[in-house]
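**Q** These came from TrEMBL, pasted as-is:
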DOMAIN    5-137  domain 'MARVEL'
TRANSMEM  6-29  transmembrane segment
TRANSMEM  41-59  transmembrane segment
TRANSMEM  79-99  transmembrane segment
TRANSMEM  111-127  transmembrane segment
TRANSMEM  139-162  transmembrane segment
DOMAIN    142-278  domain 'MARVEL'
TRANSMEM  174-196  transmembrane segment
TRANSMEM  211-232  transmembrane segment
TRANSMEM  253-272  transmembrane segment
Amino acid sequence: VNLRALTSWVGIARLFAVVLSCLAFSLVASTGHFGSPYGTWCMFTWCFCFAVTLLVLLLELLELYPLLPLSWDDFTSAFSMLAALMVFTSSVVFPATFISSPCSSNQCARQAVATTASCLCFLAYAAEVALTRAKPGDISSFLSTVPGLLKVFEAYVACLIFSLLDEYNREPGLMWCVAVYSICFIVTLLIIIFTIGRCLTYIPCPLEKMLVGYNLLALLMYLTATVLWPLYSFRGRGRPDPCGRNCWWDKHLGVTFLTIFNLIAYLVDLVYSSGMVFV
């Protein structure tokens with residue numbers, strides 16, 4: 001038994017994440033008010049993060065993780081980054097969807113406490129990412145470096161974009177943007193999977209230079225999407241009044257901002273990757 005898995009700073013952060021995610025989904029489940037797609041997503045996030053983090057703690061406590069056919073450091077780094085992003089999204093979506101003002105009922109109080117627990121859970125995962133991130137000059141797993149963590153961020157933002165896509169078949173420009181999101185997501189996801197599965201060594205070309213080339217190509221593709229998506233989405237079309245929760249205009253605006261976020265992420269990724277290879 002490796003007690004350091006629980007007593008180290010990383011272990012303590014994971015324990016906090018387990019307790020807080022459990023508290024969040026338990027309180028929301030006790031209200032019975034999470035039936036919409038947004039509520040289902042939040043419940044899935046808290047349950048998924050709770051289950052995987054608990055499994056990670058058990059495997060490290062019993063020292064069973066070396067038996068798994070994967071890169072454990074890459075897996076835990078990628079998961080902590082993914083969990084931080086998922087819990088952050090839930091911490092924003094849940095109160096915006098379910099908590100109304102004034103908050104005076106018992107149900108609303110439990111929802112507010114669940115939101116607070118979710119926010120603290122995000123901080124726990126963010127602390128784990130900070131503690132496990134490779135420092136400059138360290139020889140460490142790829143997904144614990146800044147470019148590796150950015151790969152997880154880029155894939156997650158692409159998933160958020162997919163969840164907001166609506167009415168894009170009528171314009172070739174919008175269809176090109178969807179192709180950009182899909183191609184970059186698939187390639188980035190394959191890089192993450194191959195890294196965790198220790199399959200990158202089988203690629204018959206210099207991996208570092210290949211990643212720099214891919215980041216440059218993805219940056220150029222996202223640059224075109226950043227211009228074309230708002231151009232074709234809002235050209236001659238104002239915001240409808242009223243514009244409800246599932247309004248196409250709000251969804252397209254969200255895709256616009258998420259495209260910009262991923263453009264910046266690929267730019268930073270290219271800068272860091274180029275520095276690691278050429279500097």
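Sequential numbering from 1, following the chain as shown.
Every residue gets a Cβ built from N, Cα and C, even glycine.
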**Q** Residues sitting near the transmembrane segment (174-196): Cβ under 8 Å, six or more positions beyond its termini, same chain?
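**A** Apart from its flanks, the transmembrane segment (174-196) reaches 70-71, 74-75, 78, 141-143, 148, 151-152, 154-155, 158-159, 161-162, 165, 168, 203, 211, 214, 218, 221-222, 224-225, 228-229, 232-233, 259, 262, 266.
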**Q** Looking at the domain 'MARVEL' (142-278) alone, can you tell me the average pLDDT?
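**A** The predicted confidence over the domain 'MARVEL' (142-278), as a mean pLDDT, is 88.
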**Q** In the domain 'MARVEL' (5-137), how many residues does DSSP put in helix, strand and coil?
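**A** For the domain 'MARVEL' (5-137), the helix, strand and coil counts are 108 helix, 0 strand, 25 coil.
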